């Protein structure tokens, strides 16, 4: 524990630093242009460098210092991209940089340039751009206006030099997005002021608009605070705009470039930075009384004046098009400052059917903007007035997080940790408000449970992704995001049992933050290209350090959904899982965390458990607790980060397979005793009816209870919304495997009955079975445990959601389909063998046919231990086979992709297939340790 005196000293130091930050902000704010600390971008600087002006009849480059900035910024490999992970930045910056080099090489005007140097640079840049465009994954790009900016920039290169025509693997996807936008574009609407957001990217409209008709939309000389858009306007309008020139000159000297020629992508950003900085500090625990100063008063007055002047609707700076992000942030910030600010404008101008939009006609909604909108509503004293808006925003956010594969993405910040901590903050606040009795009846228990699942997953996965040095991605700002994320987890009752590793994670993160003296600029924020802000980064670091110091939590959140009433049972299951070879190397707290996650899921699963098949003669087994745990533990242990929805679907599927097993043994088997051929026919009828949508329910669902139950079960699988989106091939394969799975259960009942008659002799050996062990375990036996059926259900989910052009086959090539089948079959055989080792005594007692009953074992030994050892050896053989097949499958999937998007998605599908295999493997390992099947009572097995 940190001594109280030391903690007080730390907090005093943080307060002093926060006050210093506020002072510097105000002192660097201009009365006319405002404030902005966003980093310079090569792309915008390139456009400024392209501006020419005639002075006394002579054409000059107007901003040669920007040309020199471009030269100084080029990397050794020819690109303009210091951060090699920022793929699109490299593409757009390099296109823009190359265009500048070509223009100045062709027409140096008043400058003396080294042509040999320029030629060398152009050659390097051209080669580098070929590679960048070859590797660019268009599907992952969501930068502002990229779909119209990139084609325009590539056209400008070709106009400059016809040889600069580049191949682009993602050109089809890019063209599709561009046409979707430009088909709706009408210049007249822009001239009428109805497409104001386009004034931020006027450079993309060269040749499409009359720039004289947009001149009146400048604000203090700028076009939507964009140097690149302003430069394009200045060089294209027929009348020179002195105010626009003055704006660009001021931006060069007063922005973060400080006269170097570099300019930011957006300048100024007064309201954006003021509200983000103040709201972040206050949320972390800083009090306005602690930061009270003339400078804080000045910032407050600026925001109050803006809120009143624009009726609560603001943009990133004065006069700029309002957006939901800045409008929501000013509401939250003013309320934190004790200045009441309503949120009505958010409803009137940004609310749409399912969410809150940032701007009119936006292509994709913003996750973080909806977090900020929800926060603004929750900061209202009369939250009930905004209950419908709160429900709408919360539902949208939860749905996005529930379906987010691996991580949540957002258009305004590239780090998923940013969106994750915003989500955790606002949803924890929402849970606290509902548990305090407010917003009564607004939210369903199901939605709140999903919120709890996603909050817990988000926080836990952040803990699991922490680097050994205490950082996240060796990034100061991202580490601050993560700490803000985890300090919020302190408020959640789910984290009580793992509070020690939680605090350790926070402590290690803080240690990393305090060891960095001069942090490099980080480009996590996104506009046309990525940018950063030293002031924003400093704010998040201060906020993280202050939040980490605020350890007292009075009322834990989440108790209405999660009750810690099964801790003893949980500890036993954690102990069981920790003994398995797959999980024994993990720290025990990780398994405890996976168990907590599973227990939250269990609340959802319990409601759905009996919806498919009724099984009145079955006592519930431990699988009700184990099923969710198998999926969460394997997802977390391998850091797979499967989406909450994917895990949910597979958990529900696992429940379904156990229900089928119990239904067949406890209901269908006894009902069709002596008439199993008829039961096989009913299965075919149920599958056929599910396929044939033209038949009426009355034609299919006769009075036979078993028939209607089986039909309901088949439709439960085939009518799944995601399954219905899968490719025809994947759906048909699933249908075949479902039919085989159900038939295998009937055959198993028949085999059990046949074996039951032999069992009366007291022998543990099977003498009359019609097949060898190998054939049985590779067909009926492995089909019976649902391995192939579940595998192809999972492939339907993956093909429908994670292919480049859904619905595509999960395994698009014949070699992949074959290797997938081999992986699945060998995996299922291994699991069946493990299962039979673990359930040998129960199976023999209850008359269930087991691998160990086959003559291959009885003819060599009668000792159970020796039989099990022999079967384990065979299981290990099957393990080698499926591991080898899976390895080959993964190679085929990744290397067989024809474009970057397909390769990325194939790699992700392979990762999730690997998780599926691990779960199946884990079930087998658990069976070896302990039989988890339910007890079937009062079942007669001696019929035919």
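Including glycine, each Cβ sits where the backbone N, Cα and C put it.
Annotated by Swiss-Prot as motif 'DEXXE motif', the relevant range among 661-665, 666-670, 671-675, 676-680 is 661-665. Note on Swiss-Prot: of 323-326, 327-330, 331-334, 335-338, the range annotated with the feature motif 'DXDD motif' is 323-326. Across the motif 'DEXXE motif' (661-665), the model assigns an average pLDDT of 86.
All chains included, 26 other C-beta atoms sit within 10 angstroms of the C-beta of residue 836 (Mg(2+) 3 binding site).
Same-chain residues lying 6+ beyond the ends of the motif 'DXDD motif' (323-326) with a Cβ under 8 Å from its Cβ atoms: 271-272, 275, 314-316, 346, 349-350, 356-359, 366, 368-369, 372-373, 412. The secondary structure of residue 836 (Mg(2+) 3 binding site), as reduced to three states from DSSP, is helical.
When the binding-site residues 836, 839, 843 are ranked by how far their Cα is from the Cα of residue 665 (Mg(2+) 2 binding site), 843 comes first. Reduced to three states, the DSSP call for residue 843 (Mg(2+) 3 binding site) is helix.
Sequence-distant neighbours of residue 843 (Mg(2+) 3 binding site) (same chain, six or more apart, CB under 8 Å from its CB) are 836, 849, 850, listed in sequence order.
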